[in-house]
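**Student:** TrEMBL feature annotations, pasted as is:
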- 35-255: domain 'Cation efflux protein transmembrane' (DOMAIN)
- 370-392: region 'Disordered' (REGION)
- 32-51: transmembrane segment (TRANSMEM)
- 63-84: transmembrane segment (TRANSMEM)
- 96-117: transmembrane segment (TRANSMEM)
- 137-155: transmembrane segment (TRANSMEM)
- 201-219: transmembrane segment (TRANSMEM)
- 225-244: transmembrane segment (TRANSMEM)
Amino acid sequence: KGTIHLFRKSQRSLVGKLTHEFRLVAADRRSWKILLFGAINLVCIGFLLMWCSSTNSIALTAYTYLTIFDLFSLVTCLISYWVMMKKPSPVYSFGFERFEVLAVFASTVLAQLGALFILKESAERFLEQPEIHTGRLLVGTFVALFFNLFTMLSIRNKPFAYVSEAASTSWLQEHVADLSRSICGIIPGLSSIFLPRMNPFVLIDIAGALALCITYMLIEINNYFAVDTASAIAIALMTFGTMYPMSVYSGKVLLQTTPPHVIGQLDKLLREVSTLDGVLEVRNEHFWTLGFGTLAGSVHVRIRRDANEQMVLAHVTNRLYTLVSTLTVQIFKDDWIRPTLSSVPIANNILNLSDHHIIPMPSLKATDNLNPVTSTPAKPSSPPPEFSFNTPGKNVSPVILLNTQTRPYGLGFNHGSAPYSSVLNQGFGIPGMGATQGFRTGFTNVPSRYGTNTRGQPRP
């Protein structure tokens, strides 16, 4: 039933494991700044949710969801620090970098779900538009804008910074980029700020605050409450359009796909590897993104039998390591060994030494290291080729011939045991063929005239 361990350590619960890992992260001083911003973020979210309830503004609620997304980004930054502290383990042999990808994917998907919730609530408000109180609407807008920009610009969030640059541009970035080109054509000094493309998080914070300011002005001037619902829909669409490319990019990383921008470089490196000395074939190659900026891969390389495995492995790794940081190369030599010929075992009750003659097959020593069967260099350890069927040689078992009655047609066999050399010298009286048979070329004394016997007389 198993060994009883008296002083075995009890297993930790999930909460205990999370607490232990949190203490590990909190021990680093770089995490203190993130924890401080996280605490301020929670306080700010509490005030904003109270102001959303007092003003009855769904546009301010949609903008508050961006502050909640900032809290998710701070958690992702903590996970990034935790990943840098952890080392690969037997369970996670590639490390813990995929936790960063999973955190980014979860944060962007939750932001999109919040945007869909805002769209659903806005559709209901179009049927019955409530009254909007603008007392704290503008105050909540500037508090959320200031905190969001201060968080984004003060903390270096490595995962989101990489995703925002590697993912495809959103529709909001494309429209702002077109507008920026026109502005930079008039004022070239602004090109360093607006071009090539703005930070998507800063852009959506500014665009959302601008929509709320327009909402406040229209409600104060004309009591046009429907503009609050329209602003909420605009903020939700901008949020969804900004987060969707990041979700797609991080999702492809989780699915272990090959990044499109490195496919051409990988093909070039694989062609170079296939031309290395000793390499015959490169197959079963698979490359995928392990984490943000980390490419992993595995490849099988078939080499010649006389090639040096360690030398080929060093050259292949040196070529691919420039692009693939985590690489697994399997080297195997060319397998051209043919199956050895084996004689069929004969039952004991069939053999009768009195009725059979066993002709011993002497070992043949080839001249100049040539195999008499194939005329190719012979190797001591290599078996015979597969096309040398029952050819006299050192790998063939003795030939057993039946000793039956005298055969017709004057075959010319001398009955009785005879050495192998005498058989070769005696010759076979086969109708229509020569007298002496060679073991290499088949026949060496073939008469020039077809249809003659061994004495040169015509056949009857």
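Even glycines carry a Cβ here, placed using N, Cα and C.
Whatever TrEMBL says is automated annotation, not expert-curated.
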**Student:** Please indicate, using numbers and ranges, the residues of the same chain that are 6 or more beyond the transmembrane segment (32-51) and have a C-beta under 8 Å from a C-beta there.
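**Tutor:** 26, 60-61, 64, 67-68, 70-71, 74-75, 77-78, 81, 136-137, 139-140, 143-144, 147, 151, 154-155.
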**Student:** With CB pairs under 8 Å as the measure, which of the listed stretches 137-155, 201-219, 225-244 comes out on top against the transmembrane segment (96-117)?
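**Tutor:** Comparing 137-155, 201-219, 225-244: 225-244 has the most Cβ pairs near the transmembrane segment (96-117).
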**Student:** So what's near the transmembrane segment (225-244) in sequence-distant terms, Cβ-Cβ under 8 Å and 6+ beyond its ends?
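**Tutor:** Distant contacts of the transmembrane segment (225-244): 57-59, 61-63, 65-66, 108-109, 111-112, 114-116, 118-119, 121-122, 125-126, 129-132, 170-173, 200-201, 203-204, 207-208, 211-212, 214-215, 218-219.
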**Student:** Take the transmembrane segment (201-219) and find every residue of the same chain, 6 or more past its ends, with a Cβ under 8 Å from one of its Cβ atoms.
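**Tutor:** Residues 57, 59-60, 62-63, 66, 73, 132, 134, 137-138, 141-142, 144-145, 148-149, 152-153, 160, 164, 172-173, 176, 225, 227-228, 231, 234-235, 238-239, 242 contact the transmembrane segment (201-219) from elsewhere in the chain.
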